[in-house]
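Participant: What TrEMBL records for 36-145, 231-268, 281-307 is region 'Disordered'. Here TrEMBL flags 48-62 as compositional bias 'Acidic residues'. Per TrEMBL, the feature compositional bias 'Polar residues' maps to 95-105, 281-295. According to TrEMBL, the feature compositional bias 'Low complexity' maps to 130-142. Under the heading compositional bias 'Basic and acidic residues', TrEMBL lists 231-252. The annotation domain 'Rad26-like N-terminal' is assigned in TrEMBL to 350-398. Look at TrEMBL and you will find 457-657 tagged as domain 'Rad26-like helical repeats'. Residues or ranges marked as domain 'Rad26-like C-terminal' by TrEMBL: 664-728.
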Amino acid sequence: MAAHDDGGSNYDDDDLDHLPTDALLELENNAIQFTQAQRAKAAPSSDYGDDFEDEDLDDAVVIDESRSTPALVQVLRQHGPGPATQHEQFRQQRYGASSTSSLASRQRHNPPPKFNDPSGLPAASITQHPQQAEPGEAQQAGSDVLGLQRQVAELLRERNALKEDLNAKAGEIAIVRSKQEKTMKEYEREMAALRKLNDDKLAKQQKALEAARIAEKNAATERDFIRQDLAEESERVRRLNRQKATEKKDVTSEVTTPKKKKTFSHRDGFDDDEIEILSPSKISPSKFQRRNVGSPSKPGKRKRKAVESPVGALEVIQIDEPAVEPKQKGTVLDEAIIASLQIQDERFDFIGTMLDHRVNANHLRTVEELAKHSLPSSPKESFQSIILGRIPELGAKKSSKDLPIDFCELLISIWKSCLEEKYYKPIYLFMDMILFALELKTSLIGPHIIDSLIPLTQLTADLVAIPRFRQLPVGEVENDIDLGVCMSILYLAAQGCASSVEHITRFWKLFRYDFILMLLSTNQKQADFEVMLQLLSTSVFRDSFGAVPVDVAQDRQISWILDRFSYVLYEVPCLPMSHEKVDLVVLSKMRIQILQLLISMTRSPFASKAIAIHPLLLGRLVSLISDELDLLYDYQLRHEESARAISLAVRLLYHLVTRYDNLIDMQKKLAVIPGGSQKHLLCLSRLSFSEDNLVLESGIGADVAQCAMDMLDMSITPEEGEAVQAAFTSP
C-alpha cells in the first residue's frame, strides 16, 4: 500500500474486496467513460500549440474556397460539431492536409488503449455521465460556431472585396496599357511622318543645292565664254579698223596723170587755168575753200567780180567719175566666232519653229491663239505676252541645249497654272506645243523635263480617263483635253529617256501604278490602250516591271497589271460606253501587241517569273490558242493574224513551261478556264500534227509544231501519246 500512499488514496484493498461484483464493474465502466470523455475533450491539443482560442484568423488563407468553406459552414449548421472537430477542420483549412496526414500517421503509430467491451452494461449507465456534461459543452460549441460563422462571413466579404479590387486594378491596368500602346503607335506614326517629311525636305534641299551648283557652274562657263567672245570681238573690231585705215591711206596716196590744158574757141573772159571743174573726186573741200575766186585779167584791164555779173552763175553738172575700188583683202575670221554664230542660228531656228507652230493647217499660229487666253487670276496679261516676254531671257544663255529645255519648262509652268485654276480651254495648245518640241528634240529635251512633265500629264489625263474608267460622261473637258495627246507625250518622253538606265528608271519612279491600271481598262479607247502597252515595253527591268513602287509591293503591282491586260486574251471586250463587241480584226491586233509585250517581259527574270506564277495567265494563253485555232480552221478574213497569234502564244507558253517547270502546276493553271485540260490537249495535238504546207495551217512554223510536240510529251503518258497519234494519223 506504500505506493498508494504517495498518490493520496483514502481506502485500502480490504474495502475493495467487500464491494459487490456489479459495483466494481460499474465503477470500471464509469472510469472508462470518464477516461474516454477526457480524451475526446483533450483531442484538439497538439504538439504544434495551435489552440483555437489563440488563433489569429485575420491572416488565415483558405486553400479551397469552393469546396472546404461551404462544407465547413454546412457542417457547422447541420450537425453543430464540438470544439475539437471545429478546431480540427479549421486547422486543416489553414495548414492543408499535411498536418492532418502527419496527425493520422502519429495515431497509427500510437493507437489508443484497448478496454473491455462495455456492450454488456446497460445503455443508460453508459451514457449517464456524458449527458450530464453535454449542456455546458453545447453552449460553448454554439458560441464557437457563431464566432466561426462570423469570421468565415467576414473572410468571404474580405475575399470578395479583394477580388473586386483586383478586377478593378486589372481593368485600370488594361486601360492604361491600351492607352500606352495607342500613344506609342501614334508617336511612331508621327515620327515616321516627320522622318519622311524630313527626308523629303532633305531631298528637295539637296536637289536645289545640286541645281544651284549646276547653275553656278553654267554661269561661270557662260561668263568665261562671254569674256572670250568679248575679247575676240574686240580684237576683230581693232583688226577691221586697222584694215579700214590702211585702205583709206591707199586711196589718198594714189597718183593721177596730169591733163593737158585745152584751148576753147569761144572765150568768156576767163583764163583757162582759172576754170576749175568742181568735182568732189578731184578736189577736197578744204582746197575748194582756199581757191582764188577772182577772175584774172590782162594788165590794165578792169577785173569783174563774180557777184557784179548781171548773169547768174553757171550751173555746172558734176559728173562723178567711178572711184577705183580698193582690192579686197581676205578677212580672216576666228573659228570660235563662226561656231558661236552657228549656235545662235540653231537657237533662232528652234524658237522660230516653235513660234510658227500651228495645231493644224486651218488654225492660227499657236502664239497668236494664245493671245486670246489669260489666267483668271491675271486677266490683263495674255499667255502670248508672257511667252514673248520670257524669250529674250531664255536666249541670253550660250548653251545650245538650255534654250529648248527652258522654253518647254515655260510652257509646262503655264500649263500647270491653268490646271490649278481649272482653266482648261487653252491646255490643248500647250500640250500640242510640248508634243511638237519632243518630236523635234526627243533625246535632248525629254530627260530634263520629266520631273515636272510626267506628274502634270497624268493629272491632266485623269480628267478624262477617270470618267471613262467609271463609264461616266466626260463632259466639256473632253473637248479641251485630248487623252491621246497626253499618252503620246508620255511615250515620247519615255523614248527620250530610254537611252539611259538612270533616266528611264527615274521616269518610271514618277509614274503612278493606278494610272497604268486605269489606262489598261477596256473602257478606254483602243488607241490609248495600245499606247499604254507600248509604254509598258520601256519599263522592263531586271528587278522590276511597270511603275517603280513606293507604297505597294512590286509583285502585287505586276500581278494586277498582268491580270488587267491578259483579260483581252480570254474575252471579247465591249466598246467603251456600249454593249457592242469589239471588231475581231481590231481584237487580233490588240492580242498580238499583248503577246509581244509578254515576250519582251521574258527578258527580265523578275517579270518572267511573275508571268509563270500568275494564277490566270497560262490558262488564258491556252484558251487563246484554242480559240485562234478554231478561227484558223474556219479560214476567216484575219487568217494571218490568227496564225501569228498562235505562233507567238505557243513560243511563249513553251518558254514558261520549260523554264519554270518546278513552279508551274499545269492542271491547277488549266482549272481556271472551262474545259482547260481538254483544250490544252486538243490544241497541242492539233499543232503537233500540223503541216505548214497546207492552206489552213500556213503561217505556223515548224518550230511551233515542235514546241507543241514537246509540251504534249510532258503532259501525257506514252500510251496516251500513241492513242493521240493514232487519232490524228488515221485515214
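Heads up, the Cβ atoms here are built off N, Cα and C, so glycines get one too.
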Participant: Using DSSP, tally how many residues of the domain 'Rad26-like N-terminal' (350-398) sit in helix, strand and coil.
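Facilitator: The composition, in the requested order, is 24 helix, 4 strand, 21 coil.
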Participant: By DSSP, what is the split of the domain 'Rad26-like C-terminal' (664-728) into helix, strand and coil residues?
Facilitator: 43 helix, 0 strand, 22 coil
Participant: Going by DSSP assignments with H, G and I as helix and E and B as strand, what are the residue counts for the compositional bias 'Basic and acidic residues' (231-252)?
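Facilitator: Output for the compositional bias 'Basic and acidic residues' (231-252) reads 22 helix, 0 strand, 0 coil.
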Participant: Looking only at the domain 'Rad26-like N-terminal' (350-398), what is the model's average confidence as pLDDT?
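Facilitator: A mean pLDDT of 86 is what the predicted model shows over the domain 'Rad26-like N-terminal' (350-398).
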